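The structure appears below as structure tokens.
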Amino acid sequence: KKSFSSGLTAMEKKLAEYKCNTNEAIQLKLVRFPEDLEDENTTFNPEYSHQVFGDDEVAFGYKGLKILLYYIAGNLSTLFRIEYTSKVNEKFDCVEADDVESKIREIIPPGFCTNTDDFVSLLEKEVNFKPFGMLLHTYSVHNEEAGEDITYQIYKADMTCPGFREYHERLQTFLMWFIETASFIDVDDERWNYFLVFEKYNKDGATLFATVGYMTVYNYYVYPDKTRPRVSQMLILPPFQGEGHGAQLLETVHRYYMSSPTVLDITAEDPSENYVKLRDFVLVKLCQDLLCFSPGKLMQGFSQEMVMEAQQKLKINKQHTRRVYEILRLRATDMGDAEQSRSYRLDVKRRLIGPYKKKQRELAKMRRCLRPEELTNQLNQIDINMQHEQLEESFQQLVSDYRRVLERLAQA
């Protein structure tokens, strides 16, 4: 009996060695020059792989597994290869290795290279790649490493641009690795708009373009003749993160829709925390010079005038305008002054308590409809102290988020 159980653990130990973390195994690259292929500094890894490899983000059956997904920097032509030092064998180990290849093939479009030589010969044709669609905005960012200013451009594209459909299929694969709840969109729906960021770079005296990131926006119809664009996905590729491209992209998209008389305002679908921080910054930057947000008016409280002006001039919806007001009012408030700071705190908390009040109204309704014995105590009593504590916590968290926005604004 004993030998049987120890045999099992030896087998288990052996199999455990054949488990690989897929976030580490997947190696991504955006390639500009042939030497990038060998340069480890150009490699980056996914943040997520659960949508492809399950919640534990593990591939079983390999030692030293490497899943190489290399992309040519501009048009994203793909090299896909799998390498490993050893693999379990059904004959000897009585278990089967995961079919890693077919899992990746499900999310990357066909037509990829499987060997490096083919990939490098495609790289030579990259000089012909040009961005899709219409140029909306050009800006530059000073790069410390290169010691020079690098130029970026933002384009608006659609499915009628030749080659864009295929390019978008390759581009959206990145969503799986960097957005927790990513999904691919129905590109045949003409209500989608696509906004793309490219970097201009030099290679052998020619100007080439590299993909930096993108945003998809869905135009919802609003009766009778308006639309409400909703930001769906936004991704700045990891090598470019932290350089301010997200803010440039979001501001450019707002400016694009601002010029359209049929657009009501811009919303977002299920925004991440990072996106909300980015949006706060961009919207405050756009709004700070509006007359309705002058310090004197901020101190009088949130007004319908703010809602109207932000919507009409900047296509900002009411909920987001309220946040902008709170951030700008914080900037105008001397928090060291007891009266000013109390007035600010009450103003923000009054908004925060809204959901609690709604809950209490619903409970009051239930009380009128139900016999007392049907109402459990728990429903009956919303603990007032807990409410105050949660409220104070939410308030402090907001203020620290708002301060970060104001710091970034001061540096902009």
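Note: Cβ is positioned from N, Cα and C throughout, glycine not excepted.
The shown structure was predicted, so the numbers you read here are calculated from the model rather than taken from an experiment.
Per TrEMBL, the feature domain 'Histone acetyl transferase HAT1 N-terminal' maps to 18-180.
Cβ neighbour count for Trp192 (site 'Interaction with histone H4 N-terminus') (all protein chains, 10 Å cutoff from its Cβ): 17. Residues or ranges marked as site 'Interaction with histone H4 N-terminus' in TrEMBL: Trp192.
What TrEMBL records for Glu269 is active site, proton donor/acceptor.
Annotation source TrEMBL lists domain 'Histone acetyltransferase type B catalytic subunit C-terminal' at 279-330.
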Checklist entry - How many other Cβ atoms sit within 10 Å of the Cβ of Glu269 (active site, proton donor/acceptor)? => result 11
Checklist entry - Which whole-number value in Å describes the distance between the Cα atoms of Glu269 (active site, proton donor/acceptor) and Trp192 (site 'Interaction with histone H4 N-terminus')? => result 14
